[in-house]
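A.B. asks: According to TrEMBL:
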{"type": "ACT_SITE", "residues": "H248", "note": "active site"}
{"type": "ACT_SITE", "residues": "Y257", "note": "active site"}
{"type": "ACT_SITE", "residues": "R311", "note": "active site"}
{"type": "COMPBIAS", "residues": "184-200", "note": "compositional bias 'Polar residues'"}
{"type": "DOMAIN", "residues": "16-351", "note": "domain 'Polysaccharide lyase 8 N-terminal alpha-helical'"}
{"type": "DOMAIN", "residues": "395-648", "note": "domain 'Polysaccharide lyase family 8 central'"}
{"type": "DOMAIN", "residues": "662-727", "note": "domain 'Polysaccharide lyase family 8 C-terminal'"}
{"type": "REGION", "residues": "177-200", "note": "region 'Disordered'"}
Amino acid sequence: MDIRAESDYQQLRSKWRSGFLGTDSAQLDEELLARITTTNREANKQWANMLIAESRLSLWRDLPLDDVTDAGKKKLGANLRSSYQRLFSMAKAYQMAGGELYQQPQLLQSIIGGLAFLNQRYYKPGVKEWGNWWHWELGIPKDIHNILIVLYEQLPSELIQANTAATRYFTPLPTHLGAGPGADTSSNPKYRESTGGNRTDNSQVVLLRGVLDNSAAEINAAVTALSPVVEYVSTSDGFYTDGSFIQHYDIAYNGTYGNVLLGGLGALIDLVAGSPWQATDPKLQEIYPIIFKSYAPFLFRGTMMEFVNGRAISRPQEQGHQVGHNVINSLLYYIDAAAPEYQMRLKQLIKEQITSDTLLNPLTSINHVGNYLKAKELVSDPRIEEYEDEAEGFHYFPAMERAVFRQDDWAFALALHSNRTGNFECMNEENRRGWFTGDGMAYLYTDQLDSYQDFWPAVDSYRLEGTTVDNQLMADCQGQRNQLKGGSKTTMGWVGGAKLDEMGVVGMEFSNWNDTLSAKKSWYMFDDEIVFVGSNIQSHIGADVTTTVLNRKLPQDQTVNVYLDGQPWQGEAQVTAKSIRLTRSAEGKGSGYLFLQPTSINLTQSQRSGDWSEIGTKSGQVTANFITATQSHSQQNNRYAYIWLPEAEDLDEYVQDAPIKLVRQDESAHIVSYPEKGVVAATVWGIEEVAVTPHVTVSGAAALLLKQEKGRKQIALTDPLQTQAHITLRFNKPVKIISDPQNRVQISGHKEVMVDMHNLRGQTYLFSVK
């Protein structure tokens with residue numbers, strides 16, 4: 001190896017190390033000094049509890065390493081990884097100048113001894129992967145490489161080589177998993193190509209091993225393996241052109257696995273920038289439009305919306321704000337290499353997310369020192385103006401059945417599933433009560449930033465806003481309908497949404513997890529309101545059925561006042577009302593719920609407690625207060641219709657104006673009109689030809705909005721089945737095409753319009769006639 005090449009490898013090691021430790025020139029502010037103190041405190045604790053006897057079978061008593069019993073093997077991978085993570089904490093403390101453990105020789109020897117012990121006894125060529133494959137093939141190798149790079153100059157070369165030989169045994173390739181001889185006993189023994197966030201992790205393992213072993217071949221292979229992650233896919237894992245990100249075949253995962261990809265790709269591209277292995281594939285520039293299509297719409301004041309975080313909602317350390325902060329950290333990698341058309345927008349997006357999160361400070365969550373310093377500079381830069389939210393208004397993501405409706409001060413989100421997407425994921429004992437989170441659960445994000453913080457252990461999982469459920473008792477993880485676990489649903493083809501301007505309509509022909517409950521459910525989003533419509537709600541086993549109108553977690557530091565039909569609620573549970581209004585006493589802000597006819601509801605305010613261990617693998621008690629309103633259904637009372645007003649400053653005036661008209665609510669269609677806007681929105685279930693206005697009928701299953709404006713009709717049309725060749729509209733007068741950007745519209749006999757729906761994959765087609 002020539003001297004120049006050796007210095008190239010050394011520069012990569014130094015650059016990766018500086019992400020954890022900073023550089024000699026980095027100014028240590030209060031936050032960085034606090035991190036040094038915290039890291040030293042944690043390292044001291046782990047060092048003091050480390051087992052040192054020669055007869056030891058593990059490094060820590062609370063992390064037993066058992067490769068003999070079946071129960072021990074199941075936990076071996078997780079406990080091994082936790083052991084390496086503790087060694088990494090100790091390694092950082094050893095190298096952090098200014099800390100009490102800085103270059104403490106006995107600490108170094110303990111780390112070296114721990115690394116050697118784990119390698120010689122448990123993590124080495126020839127052993128089997130027990131339990132979850134991820135620990136052995138991705139998690140542990142990443143941790144080992146981080147330790148080796150942080151302590152590279154202090155470690156014996158034979159120890160480095162023994163550990164890289166071990167990671168090469170478990171993860172030999174940057175493109176495939178299940179590739180090692182020990183994988184045949186793991187939770188996924190199949191040799192398979194890695195995708196999405198797993199691909200960037202996979203590449204990181206091989207790239208950093210190349211940096212440690214001075215292997216240009218491994219670095220080159222790893223960098224080359226990155227390009228496919230930004231290619232759009234049409235099935236299974238990865239990014240979709242509509243903004244969706246899927247992992248595990250059919251689960252919405254922009255926030256967690258999507259961020260593993262985003263952060264992993266950014267970190268590796270940043271690492272090799274300016275080196276002989278710089279990533280030069282122009283395809284990688286596609287990540288910039290993806291950022292604004294697949295990440296920005298789901299960020300709200302530092303939170304990554306929960307409905308794209310999968311089973312991570314059951315982790316206290318990966319709640320919405322924490323995941324959002326992780327995404328912010330990832331975005332920071334991309335600033336320097338951004339083209340001019342993206343760089344300022346990216347800075348504006350990051351600055352807004354940091355400065356608008358007044359619940360948890362994102363800066364304290366940015367672990368990469370370089371990114372932290374970059375974020376501090378960005379926040380204080382007056383030249384970075386306010387971010388213009390291009391995601392404002394309605395957006396539907398058909399590849400993962402998610403909807404977002406954003407306004408200036410709030411955002412509404414909707415989680416659905418279909419025969420194309422999974423309802424929820426429970427894996428590795430996480431998200432054990434996610435039963436109904438994909439059944440039309442509605443989220444509202446406002447300036448009450450703790451609405452979903454410490455939410456999941458405390459909330460009644462049978463009473464999620466917007467869902468219609470029966471009274472069947474569910475066991476942990478029961479009811480999964482996804483490709484990995486329970487098999488995809490065969491029913492529920494009609495799920496989709498349409499967009500016109502900033503307005504939207506969404507529908508779902510719902511069937512529950514075991515097809516014992518069915519309903520037709522629709523949502524309409526206009527300006528300041530969301531209209532919820534349900535009909536044909538039927539239990540096929542005679543069970544009790546309930547729709548949850550609201551189940552809001554109340555703010556800890558404010559009193560919430562509840563009004564029924566404008567009068568203070570007296571606490572009675574069974575009430576009949578036309579409206580509910582919630583106001584926070586401190587500012588008078590609140591939201592309103594307006595029933596389109598007087599409705600009998602059950603209204604309660606209660607304190608609920610739960611533990612994270614009840615839904616996942618971590619523990620910790622949480623308590624929260626909730627205001628809950630539910631509507632019961634029967635054969636006669638098998639429908640609902642109400643309007644949710646996120647900002648109900650004057651609910652009485654809205655009631656008087658009554659701008660929304662419910663035109664139809666039955667087995668054939670749901671139709672809502674907004675006369676003031678000249679808009680009609682409909683979910684047509686495809687049973688029969690339906691008159692959506694007195695002048696227009698629709699044949700076929702369709703979600704649509706029709707807007708009459710200046711003598712012409714704008715029509716936004718979606719095939720919710722994603723299988724229809726065409727949808728037909730019939731007009732009572734002759735029409736002609738004004739706008740048809742993809743030449744999909746054909747007119748027959750002057751009055752019949754046939755719209756070609758091929759290859760739209762659930763996305764809206766917009767055209768105009770006159």
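Cβ coordinates come from backbone N, Cα and C, glycine included.
Help me see these features in their spatial surroundings.
C.D. replies: Sequence-distant neighbours of H248 (active site) (same chain, 6+ residues apart, CB-CB distance under 8 A): D237, Y257, G310, G422, E425, M427, N482, Q483, L484.
Taken residue by residue with DSSP, Y257 (active site) is part of a helix. Here the Cβ of Y257 (active site) has 26 other Cβ atoms within 10 Å, regardless of which shown protein chain they belong to.
Secondary structure at R311 (active site), as computed by DSSP, is helix.
Per DSSP, the compositional bias 'Polar residues' (184-200) is made up of 7 helix, 3 strand, 7 coil.
On the 0 to 100 pLDDT scale, the domain 'Polysaccharide lyase family 8 central' (395-648) averages 96 in the predicted structure.
Here the region 'Disordered' (177-200) has Cβ contacts under 8 Å with residues 126-133, 136-138, 169-171, 225-226, 228-229, 236-238, 245-247, 253, 256-261, 263-265, 268 of the same chain, all six or more residues outside its ends.
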A.B. asks: Around R311 (active site), how many other CB atoms lie within 10 A of its CB?
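C.D. replies: Other Cβ atoms within 10 Å of R311 (active site): 25.
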